[in-house]
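Copied over from TrEMBL:
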type     : residues                                                    : note
BINDING  : Gly32, Val35, Asn39, Ser310, Asn342, Leu407, Asp410, Ser411 : Na(+) binding site
DISULFID : Cys137-Cys146                                               : disulfide bond
TRANSMEM : 24-43                                                       : transmembrane segment
TRANSMEM : 55-77                                                       : transmembrane segment
TRANSMEM : 98-125                                                      : transmembrane segment
TRANSMEM : 225-244                                                     : transmembrane segment
TRANSMEM : 256-275                                                     : transmembrane segment
TRANSMEM : 303-324                                                     : transmembrane segment
TRANSMEM : 336-361                                                     : transmembrane segment
TRANSMEM : 398-427                                                     : transmembrane segment
TRANSMEM : 439-463                                                     : transmembrane segment
TRANSMEM : 475-496                                                     : transmembrane segment
TRANSMEM : 517-543                                                     : transmembrane segment
TRANSMEM : 563-585                                                     : transmembrane segment
Amino acid sequence: MNASEPVGKVKPKLRRREQWAKKLDFLMACIGFSVGLGNVWRFPFLCYKNGGGAFLVPYFIAVFLGGIPMFFLEVAIGQFMSEGGIGPWKIAPLFKGIGYASAVIVFLLNCEYIIILTWAFYYLFASFTSTLPWSHCENDWNTPNCTTSNYASIVSSLGLNVSGGSAPSLHLFSNTTWPQQRALQNEASNINASLLRHLVSDPVTEFWERKVLALSPGIDHPGPIKWDLALCLLLAWIVVYVCICKGIKSSGRIMYVTATSPYIFMFILLVRGVTLEGSSNGLDFYLNPKWERLKDAQVWVDAGTQIFFSYSIALGALTALGSYNKFHHNCLRDSLLFALINTFTSLLAGFVIFSILGFMAHRQGVSVEDVAESGPGLAFIAYPEAVSQMPIAPLWSALFFIMLLLLGLDSQFVGVEGFITACVDLYPNILRRGYRKEYFTGAVCVVCFLIGLSMVTEGGMYLFQLFDYYSASRIVMVVAVTESLVVAYVYGINRFSDNLVIMFGFQSKTFIVIFRWALKIFWCFLSPFFTLSVFILGCVRYSEVSYKRKFMTYEYPPWAIGIGWLLALISVVLIPVFMIQGLIITPGTLKERWRILTTPHLKKHQLRPNEDMSKVILCPDEDDKPKNIEEEKHKLNDQLMSTSLIDETNNEINGHL
């Protein structure tokens, strides 16, 4: 460099791409990302709602047909290409829109998911008191209709003859004065459950809707920002940034805490739950099989969507996590271990939640059916009410919300890391120099924080429900089907199975034959067929979004539903958009364009033995050079061994065909 050349013009050194320091880091990251709030507040409710123990039948079918194959596909392609998000689709450049679609989905999910952590922080801070604020009606946000009396007590004390269907939820309370009580007695002959719901309220719901959310009448009344929630949102993003700013070196270590600690809290809460009176009734409702429910198509839709949600498929983050593995890492083993741990977590969370719900039902004198909820209603209404009735209530409340935070935080910062990885791998020469990645990560967190502010306004809950319902729900199945079909039929299932055999270094001829056949059966037929079937059934039974509050259901206006559909389509539409763009800008006839855009771009170490180079575009391989001669010899020996095994198994399979 010339001494007179300005220092500002010198480019910082290009950083080498990171890798997991230990083999276990990858598995812990997958557990931290995919095992989260869906296991705690969605699976138990779905299990109860769809036939108890009978629901496990479609659930495990979905695990084997959709969950494990698609999870393995995404982490394997990330590990093989050593790129996350968008980069892996260099195997078929015509379909690079898959990567962009996944990046958009995970970005929208990052903006929405952290709102749950915001609420959890708020409740955690509110738990640091001698008396939980939602356990009584003496707060300035409570209405005159608030009381801690339960529904059964109200009916008994007022002598009401409640008709009009099954008994309402245990959350129906009243703080009525004596004249109001006399008026109700005069109306006892015709009062029904729906009327009683409008006359009564409870402190838990009022704390949630009036204090935490300050809920407005609808999405068309956004109202001002709630600055106490905004500060909790800022805290959540600061924690996320600190966890991921140094990449996987920092997040990998933190994952050992955030991925394992929730199990400690779950076991503590489970021990407490099963010792409560009435807990056995809750567990019976949770697992009691109702086999007739298996005839309902909605049960199968719920099982399929739960698997895709809890396995975090088609978000691009799994390919990012896999891309940090060493080339010969056995991610097949990790995929099977992950499936086992994920299912165990869901079942364990069900025991925790329904033991508590059984206790609540017993205390309130109602059926467990009347207290079972899903989503925010479980985490921020039902469970807070349960802990408020326990001795040392603030302790159990704090433990529960710490568990929620630990479950959600690692999912959040791995999701953000997945988006960051996709962008950095797309522009490595720009973002992998100096501290540019840290600055870029900070910028992404700031943008997501600003978007999240719209969900901590008085009407923010309505917008949150819109994001949750449309942006990352069933639309991921379209992306997943496309992924499977592109790998199987465009890149080629035989080519990719050869790649995996070399990558994993399998030595057993028998196992290689079984492995190759399994990949063909699942990725070519079973997984895309199952995923597409679940998506179609979900479309047939589709209903527009609504926000089910405790005492009413809010129906969204048409313009809001239009925004929801925009959130859903803004991602998946990128797949055909980039296909059309590629076909337009690529020179040649349509046939030549198709051939060019379906030719994989691979590096030297990704080539099969005796590869036909006319069907591959060779890319620079600087980042993947072996560190020394011994490593080079090791790779060559593995490749020679795999060559003979692949040739033998290919001949055997062709002979059978």
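Backbone N, Cα and C define each Cβ position, glycine as well.
What you are looking at is a predicted structure, and each value in this text was computed from that prediction instead of being measured.
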* To do: Establish whether the number of Cβ pairs under 8 Å between the transmembrane segment (475-496) and the transmembrane segment (563-585) reaches at least three, counting only pairs separated by 6 or more residues.
  => yes
* **Distant-in-sequence neighbours of the transmembrane segment (256-275), which means Cβ under 8 A and at least six residues beyond its ends** => 28-29, 31-32, 35, 283, 345, 348-349, 351-352, 355-356, 359, 390, 396, 399-400, 402-403, 406-407, 409-410
* Pairwise CA distance, Gly32 (Na(+) binding site) versus Cys137 (disulfide bond), rounded so that it is a whole Å -> 38
* **Lowest local Cβ density (other Cβ within 10 Å) among binding-site residues: Asn39, Ser310, Asn342, Ser411** => Ser310
* **Cβ-based neighbourhood (8 Å from the centroid) of the Na(+) site, residues Gly32, Val35, Asn39, Ser310, Asn342, Leu407, Asp410, Ser411 excluded** => Ile31, Phe33, Ser34, Gly36, Leu37, Gly38, Ala259, Thr345
* To do: Find the member of 303-324, 439-463, 517-543 that has more C-beta pairs under 8 Å to the transmembrane segment (398-427) than any other listed stretch.
  => 303-324
* For Leu407 (Na(+) binding site) and Cys137 (disulfide bond), determine the Cα separation and express it in whole Å. => 31
* Asked: Is the count of Cβ pairs under 8 Å between the transmembrane segment (336-361) and the transmembrane segment (517-543), pairs 6 or more apart in sequence, 3 or more?
  -> no
* **seg_contact(the transmembrane segment (24-43), the transmembrane segment (225-244)) with at least 3 CB pairs under 8 angstroms, min sep 6** => no
